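Structure, as C-alpha coordinates:
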Amino acid sequence: MLNKPVLVESLIVFVIVLFVHAVVWDRYSWCAVALAVQAFYVQFKWDRLLQLGGAVFQFRTAANSGLLPASMVIPLLGIVMKERCKSAGIVYFERFGIVVASTGMLVALFLSVIAVGITKPVPTNTCILTGIAGSIIIYTMKHSLTVSEVIEVLEVLLIFVYLSMILLYLLPRCFTPGEALLVLGGISFVLNQLIKRSLNVIEGRGDPIDFFLLVAVVGVILLGLFFTVLFIFMDSGTWISSMFFHMMTAVLGLGVIMPWLYRLIQRNPLFWLLQFLFQTQTRVYLLVYWTFLAASACGVVLYQNAKRSSESKKHQASTITRKYFHFIVVATYVPGLIYDRQLLYVAAVLCLAVFIFLEYIRYFRIKPFGQTLRHLLSLFLDERDSGPLILTHIYLLLGMSLPVWLFPRSCAPKGTLPGAGALVPYSGVLAVGVGDTIASVFGSTMGEIKWPGTKKTFEGTMTAIFAQIIAVALILIFDSSVNLNSSYAWILASVSLVSLLEAYTTQIDNLLLPLYLQIMFMA
(Lines of atoms letter the chains of each structure in order from A; the text may use other names.)
(Lines give C-alpha, C1' and ligand atoms only; values in the text may rest on other atoms or scores of the structure.)
Protein backbone atom coordinates (compact mmCIF):
# COMPACT_ATOMS: atom_id res chain seq x y z
CA MET A 1 0.00 0.00 0.00
CA LEU A 2 1.01 3.63 -0.42
CA ASN A 3 2.30 5.27 2.72
CA LYS A 4 0.70 8.34 4.26
CA PRO A 5 3.01 10.99 2.72
CA VAL A 6 2.24 9.64 -0.76
CA LEU A 7 -1.49 9.68 -0.01
CA VAL A 8 -1.31 13.30 1.17
CA GLU A 9 0.79 14.26 -1.87
CA SER A 10 -1.82 12.64 -4.11
CA LEU A 11 -4.63 14.43 -2.29
CA ILE A 12 -2.94 17.80 -2.84
CA VAL A 13 -2.51 17.08 -6.55
CA PHE A 14 -6.18 16.02 -6.78
CA VAL A 15 -7.24 19.31 -5.17
CA ILE A 16 -5.19 21.28 -7.72
CA VAL A 17 -6.73 19.25 -10.58
CA LEU A 18 -10.22 19.90 -9.22
CA PHE A 19 -9.49 23.64 -8.84
CA VAL A 20 -8.47 23.82 -12.50
CA HIS A 21 -11.47 21.67 -13.48
CA ALA A 22 -13.84 23.99 -11.59
CA VAL A 23 -12.47 27.03 -13.42
CA VAL A 24 -12.30 25.51 -16.92
CA TRP A 25 -15.08 22.87 -16.82
CA ASP A 26 -14.83 21.44 -20.32
CA ARG A 27 -14.07 18.04 -21.86
CA TYR A 28 -10.31 18.52 -21.48
CA SER A 29 -10.59 19.18 -17.76
CA TRP A 30 -12.78 16.06 -17.45
CA CYS A 31 -10.00 14.14 -19.20
CA ALA A 32 -7.53 15.55 -16.66
CA VAL A 33 -9.69 14.24 -13.81
CA ALA A 34 -9.87 10.79 -15.46
CA LEU A 35 -6.09 10.81 -15.97
CA ALA A 36 -5.50 11.76 -12.32
CA VAL A 37 -7.67 8.89 -11.05
CA GLN A 38 -5.92 6.25 -13.16
CA ALA A 39 -2.44 7.71 -12.41
CA PHE A 40 -3.18 7.42 -8.69
CA TYR A 41 -3.91 3.70 -9.02
CA VAL A 42 -0.99 3.03 -11.35
CA GLN A 43 1.28 4.80 -8.86
CA PHE A 44 0.69 1.81 -6.56
CA LYS A 45 2.13 -0.47 -9.24
CA TRP A 46 5.15 1.70 -9.97
CA ASP A 47 6.01 1.97 -6.26
CA ARG A 48 5.74 -1.78 -5.91
CA LEU A 49 7.97 -2.34 -8.96
CA LEU A 50 10.59 0.01 -7.49
CA GLN A 51 10.51 -1.73 -4.11
CA LEU A 52 10.85 -5.20 -5.64
CA GLY A 53 13.42 -4.12 -8.25
CA GLY A 54 11.11 -5.17 -11.08
CA ALA A 55 11.41 -1.98 -13.16
CA VAL A 56 13.17 -2.29 -16.51
CA PHE A 57 15.56 0.62 -15.80
CA GLN A 58 17.31 1.74 -12.61
CA PHE A 59 15.45 4.66 -11.02
CA ARG A 60 16.29 6.90 -8.07
CA THR A 61 15.66 4.81 -4.96
CA ALA A 62 15.28 7.49 -2.26
CA ALA A 63 11.83 8.54 -3.50
CA ASN A 64 8.50 7.10 -4.58
CA SER A 65 7.58 6.88 -8.26
CA GLY A 66 5.94 10.33 -8.35
CA LEU A 67 3.74 9.28 -11.26
CA LEU A 68 0.61 11.23 -10.28
CA PRO A 69 2.19 14.69 -9.70
CA ALA A 70 4.35 14.36 -12.82
CA SER A 71 1.51 13.05 -15.02
CA MET A 72 -0.65 16.10 -14.39
CA VAL A 73 1.86 18.90 -15.05
CA ILE A 74 1.92 18.97 -18.88
CA PRO A 75 -1.85 18.33 -19.35
CA LEU A 76 -2.78 21.03 -16.85
CA LEU A 77 -0.32 23.50 -18.40
CA GLY A 78 -1.90 22.87 -21.80
CA ILE A 79 -5.44 23.28 -20.44
CA VAL A 80 -4.78 26.60 -18.67
CA MET A 81 -2.80 27.90 -21.67
CA LYS A 82 -5.70 26.99 -23.97
CA GLU A 83 -8.12 28.82 -21.70
CA ARG A 84 -6.00 31.98 -21.44
CA CYS A 85 -5.42 32.14 -25.21
CA LYS A 86 -9.10 31.47 -25.88
CA SER A 87 -10.00 34.46 -23.68
CA ALA A 88 -7.50 36.60 -25.62
CA GLY A 89 -8.90 35.39 -28.97
CA ILE A 90 -5.59 33.91 -30.18
CA VAL A 91 -6.76 30.80 -32.04
CA TYR A 92 -3.28 29.51 -33.00
CA PHE A 93 -2.09 29.32 -29.40
CA GLU A 94 -5.47 28.02 -28.22
CA ARG A 95 -4.93 25.05 -30.55
CA PHE A 96 -1.33 24.80 -29.35
CA GLY A 97 -2.59 24.48 -25.75
CA ILE A 98 -4.89 21.64 -26.82
CA VAL A 99 -1.94 19.87 -28.47
CA VAL A 100 0.18 20.32 -25.31
CA ALA A 101 -2.60 18.90 -23.10
CA SER A 102 -3.23 15.95 -25.45
CA THR A 103 0.48 15.17 -25.70
CA GLY A 104 0.90 15.22 -21.92
CA MET A 105 -2.04 12.91 -21.41
CA LEU A 106 -0.91 10.42 -24.04
CA VAL A 107 2.67 10.27 -22.71
CA ALA A 108 1.39 9.79 -19.14
CA LEU A 109 -0.96 7.02 -20.33
CA PHE A 110 1.94 5.31 -22.09
CA LEU A 111 3.98 5.24 -18.88
CA SER A 112 0.96 3.88 -16.99
CA VAL A 113 0.44 1.09 -19.54
CA ILE A 114 4.13 0.14 -19.20
CA ALA A 115 3.80 -0.18 -15.41
CA VAL A 116 0.60 -2.24 -15.66
CA GLY A 117 2.06 -4.44 -18.38
CA ILE A 118 5.17 -5.50 -16.44
CA THR A 119 3.38 -6.03 -13.12
CA LYS A 120 2.88 -9.69 -12.23
CA PRO A 121 0.20 -10.83 -11.68
CA VAL A 122 -1.63 -8.45 -13.99
CA PRO A 123 -3.69 -5.99 -11.84
CA THR A 124 -7.21 -6.40 -13.24
CA ASN A 125 -8.86 -3.40 -11.55
CA THR A 126 -6.02 -1.05 -12.50
CA CYS A 127 -6.14 -2.32 -16.10
CA ILE A 128 -9.86 -1.56 -16.25
CA LEU A 129 -9.35 1.95 -14.85
CA THR A 130 -6.48 2.63 -17.26
CA GLY A 131 -8.60 1.36 -20.15
CA ILE A 132 -11.54 3.60 -19.20
CA ALA A 133 -9.34 6.68 -18.74
CA GLY A 134 -7.51 5.94 -21.99
CA SER A 135 -10.77 5.51 -23.88
CA ILE A 136 -12.10 8.84 -22.58
CA ILE A 137 -8.89 10.67 -23.53
CA ILE A 138 -8.55 9.08 -26.98
CA TYR A 139 -12.25 9.68 -27.74
CA THR A 140 -11.83 13.36 -26.78
CA MET A 141 -8.68 13.66 -28.90
CA LYS A 142 -10.47 12.05 -31.86
CA HIS A 143 -13.17 14.72 -31.76
CA SER A 144 -10.84 17.65 -30.92
CA LEU A 145 -7.65 17.33 -32.95
CA THR A 146 -7.07 17.73 -36.64
CA VAL A 147 -5.14 15.10 -38.57
CA SER A 148 -1.93 17.17 -38.48
CA GLU A 149 -2.30 17.68 -34.71
CA VAL A 150 -2.79 13.92 -34.17
CA ILE A 151 0.40 13.28 -36.15
CA GLU A 152 2.23 15.87 -34.01
CA VAL A 153 1.10 14.20 -30.77
CA LEU A 154 2.18 10.78 -32.05
CA GLU A 155 5.55 12.20 -33.13
CA VAL A 156 6.21 13.46 -29.59
CA LEU A 157 5.22 10.07 -28.16
CA LEU A 158 7.62 8.32 -30.54
CA ILE A 159 10.48 10.67 -29.62
CA PHE A 160 9.68 10.14 -25.91
CA VAL A 161 9.87 6.35 -26.29
CA TYR A 162 13.27 6.45 -28.00
CA LEU A 163 14.69 9.09 -25.64
CA SER A 164 13.51 7.09 -22.63
CA MET A 165 15.18 3.90 -23.83
CA ILE A 166 18.45 5.73 -24.52
CA LEU A 167 18.75 8.15 -21.59
CA LEU A 168 17.34 5.90 -18.83
CA TYR A 169 19.84 3.23 -19.89
CA LEU A 170 22.76 5.66 -20.03
CA LEU A 171 21.83 7.52 -16.81
CA PRO A 172 20.79 4.98 -14.14
CA ARG A 173 19.39 6.27 -10.81
CA CYS A 174 19.18 9.88 -12.05
CA PHE A 175 15.37 10.02 -12.18
CA THR A 176 12.24 8.63 -10.61
CA PRO A 177 9.60 7.47 -13.15
CA GLY A 178 7.73 10.73 -12.58
CA GLU A 179 10.82 12.89 -13.06
CA ALA A 180 11.69 10.95 -16.21
CA LEU A 181 8.17 11.57 -17.52
CA LEU A 182 8.42 15.29 -16.86
CA VAL A 183 11.99 15.87 -18.07
CA LEU A 184 12.01 13.54 -21.08
CA GLY A 185 8.46 14.52 -22.05
CA GLY A 186 9.52 18.18 -22.08
CA ILE A 187 12.65 17.45 -24.13
CA SER A 188 10.61 15.38 -26.59
CA PHE A 189 8.13 18.21 -27.07
CA VAL A 190 10.91 20.78 -27.57
CA LEU A 191 12.67 18.54 -30.11
CA ASN A 192 9.45 18.00 -32.06
CA GLN A 193 8.71 21.74 -32.06
CA LEU A 194 12.19 22.49 -33.38
CA ILE A 195 11.87 19.93 -36.18
CA LYS A 196 8.40 21.22 -37.07
CA ARG A 197 9.50 24.86 -37.20
CA SER A 198 12.71 24.04 -39.08
CA LEU A 199 10.68 22.36 -41.83
CA ASN A 200 8.18 25.24 -42.03
CA VAL A 201 10.34 28.35 -41.81
CA ILE A 202 8.49 31.52 -42.78
CA GLU A 203 10.63 34.64 -42.86
CA GLY A 204 9.64 37.20 -40.25
CA ARG A 205 7.38 34.79 -38.35
CA GLY A 206 8.23 33.82 -34.80
CA ASP A 207 10.24 35.49 -32.06
CA PRO A 208 14.02 34.86 -32.32
CA ILE A 209 14.30 34.29 -28.57
CA ASP A 210 11.88 31.35 -28.82
CA PHE A 211 14.02 29.77 -31.55
CA PHE A 212 17.10 30.45 -29.44
CA LEU A 213 15.62 28.40 -26.57
CA LEU A 214 14.64 25.49 -28.82
CA VAL A 215 18.01 25.27 -30.57
CA ALA A 216 20.01 25.66 -27.34
CA VAL A 217 18.13 22.90 -25.51
CA VAL A 218 18.20 20.45 -28.41
CA GLY A 219 21.81 21.34 -29.24
CA VAL A 220 23.23 20.56 -25.78
CA ILE A 221 21.18 17.34 -25.54
CA LEU A 222 22.43 16.11 -28.92
CA LEU A 223 25.96 17.13 -27.93
CA GLY A 224 25.74 14.97 -24.81
CA LEU A 225 24.37 11.97 -26.71
CA PHE A 226 27.17 12.28 -29.29
CA PHE A 227 29.94 12.31 -26.68
CA THR A 228 28.31 9.53 -24.65
CA VAL A 229 28.42 7.23 -27.67
CA LEU A 230 31.93 8.39 -28.57
CA PHE A 231 33.42 7.80 -25.12
CA ILE A 232 32.13 4.24 -25.07
CA PHE A 233 35.05 3.55 -27.41
CA MET A 234 37.55 6.07 -25.96
CA ASP A 235 38.93 6.90 -22.51
CA SER A 236 37.50 10.35 -21.85
CA GLY A 237 40.06 11.23 -19.16
CA THR A 238 43.11 11.56 -21.44
CA TRP A 239 44.46 14.79 -22.92
CA ILE A 240 43.86 13.52 -26.47
CA SER A 241 40.19 12.80 -25.68
CA SER A 242 39.86 16.19 -24.01
CA MET A 243 41.30 18.00 -27.04
CA PHE A 244 38.95 16.02 -29.27
CA PHE A 245 36.00 16.95 -26.99
CA HIS A 246 36.68 20.68 -27.25
CA MET A 247 37.42 20.50 -30.98
CA MET A 248 34.21 18.57 -31.76
CA THR A 249 32.18 20.91 -29.55
CA ALA A 250 33.42 23.84 -31.66
CA VAL A 251 32.73 21.93 -34.89
CA LEU A 252 29.19 20.93 -33.86
CA GLY A 253 28.46 24.37 -32.46
CA LEU A 254 29.71 26.37 -35.44
CA GLY A 255 28.91 23.79 -38.11
CA VAL A 256 25.48 22.55 -37.02
CA ILE A 257 23.88 24.61 -34.25
CA MET A 258 24.76 28.05 -35.61
CA PRO A 259 23.55 27.33 -39.18
CA TRP A 260 20.40 25.77 -37.73
CA LEU A 261 19.69 28.91 -35.73
CA TYR A 262 20.57 31.09 -38.75
CA ARG A 263 17.95 29.27 -40.82
CA LEU A 264 15.30 29.94 -38.17
CA ILE A 265 15.98 33.60 -37.35
CA GLN A 266 17.26 34.58 -40.83
CA ARG A 267 20.28 36.49 -39.47
CA ASN A 268 23.73 35.82 -38.01
CA PRO A 269 23.08 34.33 -34.54
CA LEU A 270 26.23 35.77 -32.92
CA PHE A 271 25.62 39.29 -34.25
CA TRP A 272 21.95 39.05 -33.22
CA LEU A 273 22.92 37.89 -29.71
CA LEU A 274 25.50 40.65 -29.18
CA GLN A 275 23.10 43.29 -30.48
CA PHE A 276 20.33 41.92 -28.23
CA LEU A 277 22.46 41.78 -25.05
CA PHE A 278 23.81 45.32 -25.37
CA GLN A 279 20.77 46.96 -26.92
CA THR A 280 20.00 49.30 -24.01
CA GLN A 281 21.85 50.77 -21.06
CA THR A 282 19.55 48.91 -18.67
CA ARG A 283 20.66 45.61 -20.17
CA VAL A 284 24.33 46.52 -19.70
CA TYR A 285 23.70 47.36 -16.02
CA LEU A 286 21.83 44.07 -15.52
CA LEU A 287 24.62 42.06 -17.17
CA VAL A 288 27.24 43.69 -14.94
CA TYR A 289 25.09 43.03 -11.86
CA TRP A 290 24.54 39.37 -12.85
CA THR A 291 28.27 38.93 -13.45
CA PHE A 292 28.91 40.12 -9.89
CA LEU A 293 26.33 37.65 -8.52
CA ALA A 294 27.86 34.78 -10.57
CA ALA A 295 31.27 35.63 -9.11
CA SER A 296 29.72 35.63 -5.63
CA ALA A 297 28.26 32.16 -6.20
CA CYS A 298 31.67 30.90 -7.33
CA GLY A 299 33.17 32.48 -4.21
CA VAL A 300 30.73 30.55 -2.00
CA VAL A 301 31.74 27.28 -3.70
CA LEU A 302 35.45 27.97 -3.29
CA TYR A 303 35.06 29.11 0.33
CA GLN A 304 33.08 26.03 1.33
CA ASN A 305 35.63 23.75 -0.33
CA ALA A 306 38.51 25.53 1.45
CA LYS A 307 36.59 25.01 4.69
CA ARG A 308 36.26 21.31 3.90
CA SER A 309 39.99 21.01 3.26
CA SER A 310 40.92 22.71 6.52
CA GLU A 311 38.35 20.94 8.73
CA SER A 312 37.61 17.47 7.43
CA LYS A 313 37.51 15.54 4.21
CA LYS A 314 34.02 14.34 5.13
CA HIS A 315 32.63 17.85 5.56
CA GLN A 316 29.40 18.37 3.60
CA ALA A 317 27.55 21.61 2.96
CA SER A 318 24.58 22.14 5.26
CA THR A 319 21.03 22.82 4.10
CA ILE A 320 21.42 26.51 4.97
CA THR A 321 24.65 26.71 2.95
CA ARG A 322 22.95 25.20 -0.10
CA LYS A 323 20.15 27.75 0.24
CA TYR A 324 22.68 30.56 -0.28
CA PHE A 325 22.36 29.76 -3.97
CA HIS A 326 18.57 30.16 -3.75
CA PHE A 327 19.05 33.68 -2.36
CA ILE A 328 21.55 34.50 -5.12
CA VAL A 329 19.14 33.20 -7.78
CA VAL A 330 16.29 35.32 -6.35
CA ALA A 331 18.57 38.36 -6.43
CA THR A 332 19.31 37.49 -10.06
CA TYR A 333 15.77 36.93 -11.31
CA VAL A 334 13.76 39.67 -9.57
CA PRO A 335 15.52 42.66 -11.27
CA GLY A 336 15.29 40.86 -14.60
CA LEU A 337 11.56 40.25 -14.17
CA ILE A 338 10.95 43.88 -13.23
CA TYR A 339 13.18 45.67 -15.76
CA ASP A 340 13.75 43.39 -18.77
CA ARG A 341 12.08 39.98 -19.06
CA GLN A 342 13.32 39.34 -22.59
CA LEU A 343 16.94 39.73 -21.45
CA LEU A 344 16.26 37.41 -18.51
CA TYR A 345 14.74 34.89 -20.94
CA VAL A 346 17.86 34.81 -23.13
CA ALA A 347 20.31 34.95 -20.21
CA ALA A 348 18.58 31.95 -18.58
CA VAL A 349 18.92 29.98 -21.84
CA LEU A 350 22.63 30.79 -21.99
CA CYS A 351 23.09 29.78 -18.34
CA LEU A 352 21.29 26.48 -18.93
CA ALA A 353 23.57 25.68 -21.89
CA VAL A 354 26.66 26.57 -19.82
CA PHE A 355 25.50 24.49 -16.82
CA ILE A 356 24.84 21.42 -18.96
CA PHE A 357 28.15 21.85 -20.82
CA LEU A 358 30.06 22.09 -17.51
CA GLU A 359 28.26 18.96 -16.31
CA TYR A 360 29.52 17.16 -19.42
CA ILE A 361 33.06 18.27 -18.57
CA ARG A 362 32.65 17.01 -14.99
CA TYR A 363 30.93 13.74 -15.95
CA PHE A 364 33.41 12.80 -18.70
CA ARG A 365 36.40 14.09 -16.64
CA ILE A 366 37.49 16.35 -19.48
CA LYS A 367 40.87 17.96 -18.82
CA PRO A 368 41.87 20.42 -17.48
CA PHE A 369 38.78 21.20 -15.38
CA GLY A 370 36.84 17.92 -15.18
CA GLN A 371 38.44 16.54 -12.03
CA THR A 372 38.40 19.96 -10.33
CA LEU A 373 34.66 20.31 -10.95
CA ARG A 374 34.09 16.82 -9.53
CA HIS A 375 35.91 17.81 -6.35
CA LEU A 376 34.22 21.21 -5.98
CA LEU A 377 30.65 20.04 -6.60
CA SER A 378 30.85 16.85 -4.52
CA LEU A 379 30.54 19.06 -1.42
CA PHE A 380 26.97 20.02 -2.37
CA LEU A 381 25.61 16.56 -3.17
CA ASP A 382 22.47 15.28 -1.44
CA GLU A 383 20.35 12.14 -1.67
CA ARG A 384 18.75 13.31 -4.93
CA ASP A 385 22.11 13.11 -6.73
CA SER A 386 22.37 9.33 -6.50
CA GLY A 387 23.10 8.81 -10.21
CA PRO A 388 26.17 9.66 -12.28
CA LEU A 389 24.95 13.20 -13.03
CA ILE A 390 24.68 16.15 -10.61
CA LEU A 391 21.37 17.77 -11.56
CA THR A 392 20.16 19.77 -8.54
CA HIS A 393 21.71 23.08 -9.70
CA ILE A 394 20.30 22.53 -13.20
CA TYR A 395 16.85 21.82 -11.70
CA LEU A 396 17.12 25.03 -9.68
CA LEU A 397 17.82 27.02 -12.84
CA LEU A 398 14.98 25.25 -14.68
CA GLY A 399 12.53 25.85 -11.84
CA MET A 400 13.24 29.58 -11.86
CA SER A 401 13.29 29.85 -15.67
CA LEU A 402 10.39 27.67 -16.85
CA PRO A 403 7.68 30.16 -15.74
CA VAL A 404 9.52 32.84 -17.74
CA TRP A 405 9.94 30.61 -20.80
CA LEU A 406 6.40 29.19 -20.67
CA PHE A 407 4.64 32.51 -20.11
CA PRO A 408 2.14 32.87 -23.01
CA ARG A 409 3.36 36.27 -24.25
CA SER A 410 1.23 36.16 -27.40
CA CYS A 411 -1.91 35.73 -25.30
CA ALA A 412 -1.06 38.65 -23.00
CA PRO A 413 -1.85 41.81 -25.02
CA LYS A 414 -0.22 44.22 -22.57
CA GLY A 415 2.65 41.91 -21.61
CA THR A 416 0.87 40.60 -18.55
CA LEU A 417 -2.15 38.44 -17.76
CA PRO A 418 -5.07 39.73 -15.70
CA GLY A 419 -5.53 38.80 -12.04
CA ALA A 420 -3.28 36.17 -10.50
CA GLY A 421 -1.92 35.45 -14.01
CA ALA A 422 0.25 38.56 -13.64
CA LEU A 423 2.35 36.58 -11.14
CA VAL A 424 3.05 33.69 -13.56
CA PRO A 425 6.65 34.80 -14.38
CA TYR A 426 7.30 35.07 -10.63
CA SER A 427 6.20 31.46 -9.95
CA GLY A 428 9.78 30.20 -9.71
CA VAL A 429 10.85 33.05 -7.46
CA LEU A 430 7.89 32.50 -5.12
CA ALA A 431 7.84 28.69 -5.01
CA VAL A 432 11.58 27.92 -5.00
CA GLY A 433 13.42 31.14 -4.27
CA VAL A 434 11.22 32.23 -1.37
CA GLY A 435 8.95 29.35 -0.28
CA ASP A 436 11.31 26.36 -0.49
CA THR A 437 14.24 28.37 0.90
CA ILE A 438 12.37 29.78 3.90
CA ALA A 439 10.75 26.39 4.64
CA SER A 440 14.15 24.67 4.67
CA VAL A 441 15.95 27.33 6.71
CA PHE A 442 13.26 27.86 9.35
CA GLY A 443 12.23 24.20 9.42
CA SER A 444 15.79 22.96 10.02
CA THR A 445 16.62 25.59 12.63
CA MET A 446 13.38 26.23 14.56
CA GLY A 447 10.88 23.58 13.45
CA GLU A 448 9.64 21.12 16.06
CA ILE A 449 6.26 19.82 14.85
CA LYS A 450 6.84 17.46 11.92
CA TRP A 451 4.24 16.71 9.28
CA PRO A 452 3.21 13.03 9.72
CA GLY A 453 5.54 10.67 7.87
CA THR A 454 7.98 13.37 6.69
CA LYS A 455 11.06 15.28 7.84
CA LYS A 456 9.41 18.61 7.00
CA THR A 457 7.97 20.75 9.78
CA PHE A 458 4.71 22.61 10.28
CA GLU A 459 6.62 25.76 11.26
CA GLY A 460 8.66 25.66 8.05
CA THR A 461 5.57 25.35 5.86
CA MET A 462 3.63 28.12 7.63
CA THR A 463 6.64 30.44 7.49
CA ALA A 464 7.04 29.69 3.77
CA ILE A 465 3.39 30.61 3.09
CA PHE A 466 3.75 33.84 5.05
CA ALA A 467 7.02 34.72 3.28
CA GLN A 468 5.46 34.19 -0.16
CA ILE A 469 2.52 36.47 0.72
CA ILE A 470 5.01 39.15 1.82
CA ALA A 471 6.89 38.60 -1.46
CA VAL A 472 3.67 39.09 -3.46
CA ALA A 473 3.08 42.39 -1.61
CA LEU A 474 6.63 43.52 -2.48
CA ILE A 475 6.11 42.56 -6.13
CA LEU A 476 2.97 44.72 -6.19
CA ILE A 477 4.99 47.64 -4.83
CA PHE A 478 8.00 47.40 -7.15
CA ASP A 479 6.48 46.00 -10.37
CA SER A 480 3.88 48.41 -11.75
CA SER A 481 2.81 45.95 -14.46
CA VAL A 482 1.30 43.57 -11.88
CA ASN A 483 -2.42 44.12 -11.19
CA LEU A 484 -4.06 41.31 -9.22
CA ASN A 485 -7.67 42.55 -9.58
CA SER A 486 -8.59 41.44 -6.04
CA SER A 487 -7.72 37.77 -6.70
CA TYR A 488 -6.04 37.53 -3.28
CA ALA A 489 -8.00 34.49 -2.05
CA TRP A 490 -6.94 32.47 -5.12
CA ILE A 491 -3.30 33.52 -4.63
CA LEU A 492 -3.40 32.48 -0.96
CA ALA A 493 -4.96 29.12 -1.87
CA SER A 494 -2.39 28.56 -4.62
CA VAL A 495 0.59 29.38 -2.41
CA SER A 496 -0.78 27.22 0.44
CA LEU A 497 -1.38 24.17 -1.76
CA VAL A 498 2.06 24.35 -3.37
CA SER A 499 3.72 24.82 0.04
CA LEU A 500 1.93 21.72 1.34
CA LEU A 501 3.07 19.86 -1.78
CA GLU A 502 6.66 20.90 -0.95
CA ALA A 503 6.27 19.38 2.52
CA TYR A 504 5.09 15.99 1.24
CA THR A 505 6.66 15.38 -2.17
CA THR A 506 9.82 13.32 -2.56
CA GLN A 507 10.26 14.43 -6.17
CA ILE A 508 12.59 17.24 -7.28
CA ASP A 509 10.76 20.17 -5.71
CA ASN A 510 12.86 22.75 -7.58
CA LEU A 511 11.24 21.53 -10.80
CA LEU A 512 7.77 20.50 -9.66
CA LEU A 513 6.68 23.37 -7.39
CA PRO A 514 7.10 26.32 -9.83
CA LEU A 515 5.12 24.48 -12.51
CA TYR A 516 2.20 23.77 -10.18
CA LEU A 517 2.21 27.35 -8.91
CA GLN A 518 2.22 28.57 -12.52
CA ILE A 519 -0.73 26.30 -13.31
CA MET A 520 -2.71 27.70 -10.39
CA PHE A 521 -1.90 31.33 -11.26
CA MET A 522 -2.82 30.81 -14.93
CA ALA A 523 -6.08 29.08 -14.04
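Note that Cβ sites are derived from N, Cα and C of the backbone, with glycine treated the same way.
Feature annotations, reproduced from TrEMBL:
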type     : residues : note
TRANSMEM : 12-41    : transmembrane segment
TRANSMEM : 61-80    : transmembrane segment
TRANSMEM : 92-116   : transmembrane segment
TRANSMEM : 122-141  : transmembrane segment
TRANSMEM : 153-171  : transmembrane segment
TRANSMEM : 244-262  : transmembrane segment
TRANSMEM : 282-303  : transmembrane segment
TRANSMEM : 324-339  : transmembrane segment
TRANSMEM : 345-365  : transmembrane segment
TRANSMEM : 386-406  : transmembrane segment
TRANSMEM : 426-446  : transmembrane segment
TRANSMEM : 490-517  : transmembrane segment
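Contact check: the transmembrane segment (92-116) against the transmembrane segment (244-262) gives fewer than three Cβ pairs closer than 8 Å, residues 6 or more apart, which falls short of the contact criterion.
The stretches the transmembrane segment (61-80) and the transmembrane segment (244-262) are not in mutual contact, being linked by fewer than three Cβ pairs under 8 Å (pairs 6 or more apart in sequence). Using the rule of three or more Cβ pairs under 8 Å, pairs at least 6 apart in sequence, the transmembrane segment (282-303) is in contact with the transmembrane segment (324-339). The stretch in 122-141, 324-339, 345-365, 426-446, 490-517 that contributes the largest number of Cβ pairs under 8 Å to the transmembrane segment (12-41) is 122-141. Long-range Cβ contacts of the transmembrane segment (490-517) within its own chain (Cβ-Cβ under 8 Å, at least 6 residues beyond either end) map to 5, 8-9, 12-13, 15-16, 19, 62-64, 66, 69-70, 73, 77, 176, 178-179, 182-183, 384, 391-392, 395-396, 398-400, 402-403, 419-420, 423, 427-428, 430-432, 435-436, 439, 451, 454, 456, 460-461, 464-465, 468-469, 472, 484.
Through the fold, the transmembrane segment (345-365) approaches residues 209, 212-213, 216-217, 219-220, 223-224, 227, 231, 236-237, 241, 245, 249, 273, 276-277, 287, 290, 336, 371, 373-374, 377, 388-391, 393-394, 397-398, 400-401, 404-405 of its own chain, all at least 6 residues removed from its boundaries and within a Cβ separation under 8 Å. Beyond the ends of the transmembrane segment (324-339), by six or more residues, the same chain brings 282, 286, 289-290, 293, 296-297, 300, 347, 393, 396-397, 400, 404, 425-426, 428-429, 432-434, 436-437, 478-479 to within a C-beta distance below 8 angstroms of the stretch.
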